[in-house]
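Colleague: Submitted below is the structure of interest, expressed as structure tokens.
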Amino acid sequence: MAAPGGRGRSLSGLLPAQTSLEYALLDAVTQQEKDSLVYQYLQKVDGWEQDLSVPEFPEGLEWLNTEEPISVYKDLCGKIVVLDFFTYCCINCIHLLPDLHALEHTYSDKDGLLIIGVHSAKFPNEKVLDNIKSAVLRYNITHPMVNDADASLWQELEVSCWPTLVILGPRGNMLFSLIGEGHKDKLFLYTSIALKYYKDRGQIRDNKIGIKLYKDSLPPSPLLFPGKVTVDQVTDRLVIADTGHHRILVVWKNGQIQYSIGGPNPGRKDGIFSESTFNSPQGVAIMNNIIYVADTENHLIRKIDLEAEKVSTVAGIGIQGTDKEGGAKGEQQPISSPWDVVFGTSGSEVQRGDILWIAMAGTHQIWALLLDSGKLPKKNELTKGTCLRFAGSGNEENRNNAYPHKAGFAQPSGLSLASEDPWSCLFVADSESSTVRTVSLKDGAVKHLVGGERDPMNLFAFGDVDGVGINAKLQHPLGVTWDKKRNLLYVADSYNHKIKVVDPKTKNCTTLAGTGDTNNVTSSSFTESTFNEPGGLCIGENGELLYVADTNNHQIKVMDLETKMVSVLPIFRSENAVVDGPFLVEKQKTLPKLPKSAPSIRLSPVTACAGQTLQFKLRLDLPSGSKLTEGVSSCWFLTAEGNEWLLQGQIAAGDIENISSQPTISLQIPDDCLSLEAIVSVSVFLYYCSADSSACMMKAILFSQPLQITDTQQGCIAPVELRYVF
């Protein structure tokens, strides 16, 4: 197919015909009617004398997840292509990703469909390829992506907002556009009928596109894009949202892990720690051995009980909500992308902790979850478990107002509480307006503190300027924390790669640490140390230390507010890890030789497809009264002799610390399968003592799981229970 001779035309050329189609679809009742209408529409636009042709990708653009740059009129010939115009800071763009993931799992390039992300930056920081690489990893983007830093394609097509999807036919001809989020049904309808229409005409090709996933180059690290961190003021433990590993860590102040809950893969499951899963958790708050978690991409608030070692859901239904008022009981109340949480109080008692304040980034609001019956300002008595909007209209704005429901936020992403007078407020890092705002705990009034612009609709007033009030400029701040000792507010000025400090009395905002460079430097001087998109921070050690989630450096940085030194908190397990610089390197567990007496159990074959996760649940019973030997690590190993590619990048060994709470072993089938048959083995070695400790012994067992891999989409795979009584 030859490239069109003329310049590509804008999306406005599609508007009349597609608008008529969408009005007709409103009146369609059956799926057959809808399919027919879309088919007729394609006949119409395909018959136009001149295609609405997309321009070629400009030369010299930076590509990710591909072996080489992609050409519209060479590589994409014979494909239905979905162009996703997005920017990685945008919550609406993030909301769209699950729809694209679902589409990728339904149709592959062999079926004739390809998705290409066209990154068109809002903030200057988002034009930098390294920062986009971090976003690709953080959001598990596996389709090809191009960094259109100058927004050339955006301007050629006259795209107007993020996100926008443009669906192309096999000649690079524009067929449909979808603006904003929430169009999953239309996306699937349009792409499925387009594939059928052009297959009927023999114009779809099944050639594969050269994919090379950037995530395969990621080095091992104890943390992966940690989003938030908080301190248990009673024990000085830290709670870390290890966002990229989809888990919550509870660590002692020396960095030793006490609990690891969830991970390494995303999921949505309550229960005991070894079985519970999260999906890109962000905000965390801890009090009395209870942790509340903003489970962002699950659209849930989760509760972790450290004493019972269980996880439960207290708000949200597991899918993105659109309700902007709320008022239902937590588990029945849909919510949208909660990004941070902080404890508050409904009465005059300071720090009673009967309210959980929520930065609801997805609906641009501040919500409240009642942990006990109580009252909010200007509200009647509310029952325990009620989850509702407190401030924000739901419009994406930088609007301050004495009436909380008339105020507007723009993706609030960080919260901190100053309950004492004269402050008595929530501090809010309002990321998309590049401001810090306050919400009064007495009447809900929303006020400006620093950053941004007076025009409530101007969300482009960002920069890196120390100053007072509106003269100070921030760039997409994601975190705030209140220093009660000094009456100062610390701000994670994320896209400026700095930590700033604000005096709320004078509204003076100055740089505390960071140079603005994204190098990973620790120093005896705050001003010489560097950060890379820090996402969260908290005060610890009675106001002496500031802990920073240095997100893109995959670290927790420790800032000593007295000595002005910056260091890295090592994250390690007590005996099974050593620290080598910023990365944790697990001591390589060596698979012991199985004793001849060890039973070998061959399981029934399991069928799975690429991308699915197979779970093995250990269910081993010791003789009555026996207990695991203290000081000796009972352990498990995952092997795949002759098919080691199955285990690449997976956790292939681990400890068994408690016989009453045995781990679940996860194996995700890689997207690129080198064989359709394999045998996966689980070897278990248990060291235990009899009830009276008169005899201690080691027992082992081998489970062999035949695996058949298919390219046909499978339903949910039931966990495989590995049972044996010793």
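The backbone N, Cα and C atoms fix where each Cβ goes, and this holds for glycine too.
Quick paste of what Swiss-Prot says about this protein:
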type   : residues : note
DOMAIN : 43-200   : domain 'Thioredoxin'
REPEAT : 212-254  : repeat 'NHL 1'
REPEAT : 265-307  : repeat 'NHL 2'
REPEAT : 335-369  : repeat 'NHL 3'
REPEAT : 409-439  : repeat 'NHL 4'
REPEAT : 461-505  : repeat 'NHL 5'
REPEAT : 518-562  : repeat 'NHL 6'
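Any idea what these are sitting next to in the structure?
Modeller: Residue counts of the repeat 'NHL 1' (212-254) by helix, strand and coil are 7 helix, 14 strand, 22 coil (DSSP-based).
Sequence-remote contacts of a segment are chain residues at least 6 beyond its ends whose Cβ falls under 8 Å from one of its Cβ atoms, and for the repeat 'NHL 2' (265-307) they are 94, 98, 138-140, 227-232, 234, 237, 239-241, 243-244, 246-248, 250, 259, 313-321, 330, 334-343, 353, 356, 358-359, 361-362, 369, 387, 413-415, 535-536, 613, 617, 661-664, 666, 668.
Remote same-chain residues near the repeat 'NHL 3' (335-369) are listed as 91, 94-95, 228, 282-285, 287, 292-297, 299-301, 314-316, 320-324, 326, 375-376, 385-397, 408-417, 419-420, 426, 428-429, 431, 439, 441, 479, 536 (criterion: CB distance under 8 Å, separation of at least six residues from the stretch ends).
A Cβ distance under 8 Å defines the sequence-distant neighbours of the repeat 'NHL 4' (409-439), meaning residues of its chain 6+ beyond its ends; these are 89-91, 282-283, 339-345, 350-351, 357-361, 364-366, 390-392, 396-398, 400, 445-452, 459, 461-463, 473-482, 484, 487, 489, 491-492, 494, 502, 504, 509, 536.
Listed as Cβ neighbours of the repeat 'NHL 5' (461-505) (distance under 8 Å, sequence separation of 6 or more from its ends, same chain) are residues 89, 123-126, 228, 340, 398, 413-418, 420, 423, 427-436, 438, 448-455, 511-518, 526, 530-539, 542-543, 546, 548-549, 551, 559, 561.
Taken together, the residues in the repeat 'NHL 6' (518-562) have a mean pLDDT of 93 on the 0 to 100 scale.
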